[in-house]
Amino acid sequence: MKFKPCDVTLHCSVYCCPFVYPRSANGSDSKKQRLDESPPSRVLHIRKLPSEVSETEVIALGLPFGKVTNILMLKGKNQAFLELSTEEAAITMVNYYTAVTPQVRNTPVFIQYSNHKELKTDSALNQRAQAVLQAVSAVQDGSSPSSDPGVLDLAPPPSPVLRIIIDNMFYPVTLDVLQQIFSKFGTVMKIITFTKNNQFQALLQFSDPVNAQQAKLSLDGQNIYNSCCTLRIDFSKLVNLNVKYNNDKSRDYTRPDLPTGDGDTTSKDHSLLGVYGDVQRVKILYNKKDSALIQLSDGNQAQLAMSHLNGQKVFGKVMRVTLSKHQTVALPREGLDDQLLTKDFSGSPLHRFKKPGSKNFQNIFPPSATLHLSNIRDAVGEDDLRLLFSNSGGTVKAFKFFQDRKMALIQMSSVEEAIQALMDLHNYDMGGNHHLKVSFSKSTI
């Protein structure tokens, strides 16, 4: 069975944010063959560093792979030596950066094994680097760091997403200004800007957590303009941003095809139908693109969807849902171009009812302004979830964690806003193998 909405298209293409791969690995020049000239060593030689690079940025290259035990900066030659605690850590680091080009301030650098098995430095001549290294060691060992307030920032980066607050904002700061500043440290994938507590803020996602860490180390506390617009930067607990529109408030640089939000509703999600059944196929009608055929797993699911969704307002229009005379949605014949109007969702990760006897069968409720959230990652707090749902275009009226903090209730200002938030954020990737589950709730806050 299936049903036919007459006033609004419910089809949504499922997009994946592609990882931005580098043009080539580890420096992209013929000298990378030198990797084979030296046997593995826990001392690594780093070349082609930017002239203004700091010790913390060089150390940050090695932090994800293990403890950094020594560093020697050769700024006049744009080079450095980095010593890790074990040869295994150094091998892991070289192997990783052989596949993914290491970058410092958006400049590709070259990393290879050194002929030295141990790094011996004159502490008097290398005083600054040793002070930074001592601070890092204190953090890695779990002991009290030095008095340097920036020491904690040197821990391995927890997320590719930075939360940015602009203090003393006497001049406007645009999304394009942020992209220009932060892209010096790596590939900026997504930006969302918003105002909270009368402060301009932004979430900015890099392609790699290491780039986020380097940007934070270099830019936190810096002024965008002379004596004003001070950057306050911290890691966000979110690991992936959900950008709906490309406009002056948000941008997904991996998805130039996104609408601007000015009434463009061509990109839709079938998550709403997934609340009442497992969607198998969707076909947008060729001559009437505001209508679609939706095939679910069985007739009971189609009946449930029709009874709960008929008459609901979605994308500013009232949705009409009826049973169709067609028994199945046919896929286009091979080689026939139907302008991507038909899609098969039989393997979709959004299916809730695949397992017989699933608890999801007991939690089927009509659309409501209150949503039930589950599978929440431990590190994510109320502010993070409020921000996430506010960015779906609605207003969060109330929020309540369950005792275990793995589930919560969130109340939007209207049923229409809750429907939109569910479509945007069900199965949202929270990191750590956690995908947010969103459904309508019978409870209120």
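Glycine residues also receive a Cβ, built from the backbone N, Cα and C atoms like all the rest.
Under DSSP, the residues of the domain 'RRM' (42-126) split into helix, strand and coil as follows: 27 helix, 26 strand, 32 coil. Positions annotated as domain 'RRM' by TrEMBL: 42-126 (among others).
What TrEMBL records for 162-238 (among others) is domain 'RRM'. Mean model confidence of the domain 'RRM' (162-238) amounts to 90 (pLDDT, 0 to 100 scale).
What TrEMBL lists as domain 'RRM' is 251-326 (among others). For the domain 'RRM' (251-326), DSSP puts the residue distribution at 15 helix, 25 strand, 36 coil.
According to TrEMBL, the feature domain 'RRM' maps to 369-443 (among others).
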